[in-house]
Amino acid sequence: METEQPEETFPNTETNGEFGKRPAEDMEEEQAFKRSRNTDEMVELRILLQSKNAGAVIGKGGKNIKALRTDYNASVSVPDSSGPERILSISADIETIGEILKKIIPTLEEGLQLPSPTATSQLPLESDAVECLNYQHYKGSDFDCELRLLIHQSLAGGIIGVKGAKIKELRENTQTTIKLFQECCPHSTDRVVLIGGKPDRVVECIKIILDLISESPIKGRAQPYDPNFYDETYDYGGFTMMFDDRRGRPVGFPMRGRGGFDRMPPGRGGRPMPPSRRDYDDMSPRRGPPPPPPGRGGRGGSRARNLPLPPPPPPRGGDLMAYDRRGRPGDRYDGMVGFSADETWDSAIDTWSPSEWQMAYEPQGGSGYDYSYAGGRGSYGDLGGPIITTQVTIPKDLAGSIIGKGGQRIKQIRHESGASIKIDEPLEGSEDRIITITGTQDQIQNAQYLLQNSVKQYADVEGF
């Protein structure tokens, strides 16, 4: 639905020589990266936007979007949504799409830019946010920007190439940063390709990617992302939500961490809510092959994040971790980290080292939770060493001490550890929640240590 938005117009690129022309050496570089596109072929581009940026594209009374449709003879739409994200859809030939993007990019702004937390700093709050990056402040195209391209998951391999060769070539030839997120958008088969750099180069990169994927047929089921099913528990590279208490409305900003916290999107009048993540997992096309047998964990890939999460297999015939209702460990550890029956949760974990935390939370043999598969290659080469996955369980009453207000605490743990951390909702009738940690061995160990400290520091203080 196109609603009336504050007046905002596109820059006149015809009178702005800086934006319309590129140095000869740039053109030579592009020629070195040859493309064999049919310039008349119609393709569809879908860009993930912050909801607040829809007004810049639509314009007051739909003025801007109507001008784009008329001037470029293209199909341009920004469907409404109830969350912090919307999708800009453009259907035209590739060259025309590039020109439309050059019109749109200077009108956008990036969301709240939070200071990066450090190991010793407090968690940043919205009041600490610096000024939004508004691309309209710049003249010409000499500024850095980011766009999030949506592609079907089956097309990712064509962008990455053999051992990452294609994506490396793209980065070098277009002088952009490219990150292909591994996890699909919530309840969809779409993945996010985050492209950053100067506007002209970002647009050129997108044109090349469109050319690459236009030659490849989509394989498998196609379920385009619907932003109304926005869910921060998915680490897909979209935008997260922060509520502006002064206005009582959600404010979107880029996900700079590695995921989100457990929170389902608010319902929308008359619109059915998506099934729970666990239910949806059963029909996900990304389930991959069955997990390898114990002791033969895969290497080189990340476990299919949308796999149905099994109950933790008991190491050596016992429970992975036993708790009482106050969140204290019980007395069954089967040779792992031992505690006396009267030892409290706080006194126990006070003395844990990272290695002891890891021992207590990982099954003996080291691979019982390492359900890896080779299909997940997003973030190719971003991390050193094999990517593994570990699952731990905590009483659901303690989850708040890890998540924190607005999810800020878990975001900081992700940021500091570099690991992907997901906290599942408890199963029906269960008093526990499963935490899935994905990353290198060092990242997982750091994450476990930070989780330990968070529970120790906040469980009693906040009354969990």
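Glycine is treated like the rest: Cβ placed from N, Cα and C.
Taken from Swiss-Prot, the feature SUMO2 cross-link applies to LYS34 (among others), supported by similarity to another entry.
If you look up Swiss-Prot, you'll see LYS34 (among others) marked as SUMO1 cross-link, on the strength of similarity to another entry.
Its Cβ placed at the centre, LYS52 (SUMO2 cross-link) has 20 other Cβ atoms within 10 Å. According to its DSSP assignment, LYS52 (SUMO2 cross-link) is helical. What Swiss-Prot records for LYS52 (among others) is SUMO2 cross-link, and it gives similarity to another entry as the kind of evidence.
In the three-state DSSP scheme, LYS60 (SUMO2 cross-link) is classed as helix. Among the features that Swiss-Prot reports, SUMO2 cross-link is placed at LYS60 (among others), with the record citing similarity to another entry.
Long-range Cβ proximity for LYS163 (SUMO2 cross-link), meaning a same-chain Cβ under 8 A and a gap of 6 or more residues, is found for none. For LYS163 (among others), the entry in Swiss-Prot reads SUMO2 cross-link, with the evidence type similarity to another entry.
The SUMO1 cross-link annotation in Swiss-Prot covers LYS163 (among others). Classification of LYS163 (SUMO2 cross-link) by DSSP places it within a helix.
Taking the Cβ of LYS219 (SUMO2 cross-link) as centre and 10 Å as the limit, one finds 12 other Cβ atoms among all the protein chains shown. In the three-state DSSP classification, LYS219 (SUMO2 cross-link) falls within coil. For LYS219 (among others), the entry in Swiss-Prot reads SUMO2 cross-link, with the evidence type similarity to another entry.
Neighbour density for LYS405 (SUMO2 cross-link): within 10 A of its CB lie 10 other CB atoms from the protein chains shown. LYS405 (SUMO2 cross-link) falls within a helix when secondary structure is assigned with DSSP. Residues annotated as SUMO2 cross-link in Swiss-Prot, with similarity to another entry given as evidence: LYS405 (among others).
In the three-state DSSP reading, LYS422 (SUMO1 cross-link) counts as strand. Swiss-Prot lists LYS422 (among others) with the feature SUMO1 cross-link.
If you look up Swiss-Prot, you'll see LYS422 (among others) marked as SUMO2 cross-link.
Residues or ranges marked as SUMO cross-link by Swiss-Prot: LYS422.
Across the region '2 X 22 AA approximate repeats' (54-421), the prediction's mean pLDDT works out to 66. The annotation region '2 X 22 AA approximate repeats' is assigned in Swiss-Prot to 54-421.
Residues annotated as region 'RNA-binding RGG-box' in Swiss-Prot: 236-273.
Among the features that Swiss-Prot reports, repeat '2-2' is placed at 324-329.
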Cα distance (Å, whole number) from LYS405 (SUMO2 cross-link) to LYS422 (SUMO1 cross-link): 16
Most Cβ neighbours inside 10 Å, all chains, among the recorded sites LYS60, LYS422: LYS422
LYS60 (SUMO2 cross-link) to LYS52 (SUMO2 cross-link) - Cα separation in whole Å: 13
Alpha-carbon spacing, LYS52 (SUMO2 cross-link) to LYS219 (SUMO2 cross-link), which is rounded to whole Å: 33
Pairwise CA distance, LYS219 (SUMO2 cross-link) versus LYS405 (SUMO2 cross-link), rounded so that it is a whole Å: 41
